[in-house]
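Take a look at the structure below.
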Amino acid sequence: MSFPTSPPAVPAVVRGFAAGRRVRAIWTNELGGVTFRIGPGTEFVKVAEAATVDFADEARRLRWAAQHTPVPPVLGFGLDGDRAWLRTGGLPGVSAVHPRWLAAPEVAVRAIAVGLRTLHDRLPVPSCPFDWSAAGRLTRLSPAWRAKLGDPPPVDRVVVCHGDACSPNTLIDEHGRCCGHVDLDALGVADRWADLAVATLSLGWNYPGRGWDTVFFEAYGVEPDPRRLDYYRRLWQAEDIDAS
């Protein structure tokens, strides 16, 4: 995902929700989906080709998670022709890749780590109806990729994972603390290393110039596990390649 390099066209459904308020595209993904901010940030609308997303499923995850941790409130979802949309309320704070935090990367890395640990500790595994386990993810890969990846390592600690713990999906408040998470479309029960692998992989993309693993794991409160990190990073990358 990335910031738009040029302003995309604003779909009619987004203009309708805006009702004259300012609309700005703030995020795009590799499948052509766009997130629009309405007004000062009190509302957001994701729009994507209907064949590429399931916003009803994401809405279910958000509504479940909202009972336990700060995530965007769901205001609605639906279809507009061949496009799907998801409308949510805003949260305090800004993305961990906002220029303010790119200029203070150690603060951002610690906030991401503490925020992820808090998420893992808060979300109740027994009542979570969603799965993101390695076993489930492997079934969606081709036989060739399953063979290449091999068996997953033994589970360390089962938690409800974010499912896309890349840096941009953590929100940070003015004091440098995590104040919420966004983009939980893959949220589900899994070994915590599935999230930790992606979170630390993303640090190198977003805060280049030095390694951040030591800072991250110190703030999260666990020693790095090279075997699990390697496996879950390869699984994450295999999903991207296999889906393309």
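Even glycines carry a Cβ here, placed using N, Cα and C.
According to TrEMBL:
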| type | residues | note |
| --- | --- | --- |
| DOMAIN | 41-231 | domain 'Aminoglycoside phosphotransferase' |
| ACT_SITE | ASP164 | active site, proton acceptor |
| BINDING | ASN169, ASP183 | Mg(2+) binding site |
What is the pLDDT of the domain 'Aminoglycoside phosphotransferase' (41-231) when averaged and given as a whole number? 97
Same-chain residues at least 6 apart in sequence whose Cβ lies under 8 Å from ASP183 (Mg(2+) binding site): ASP164, PRO168, ASN169
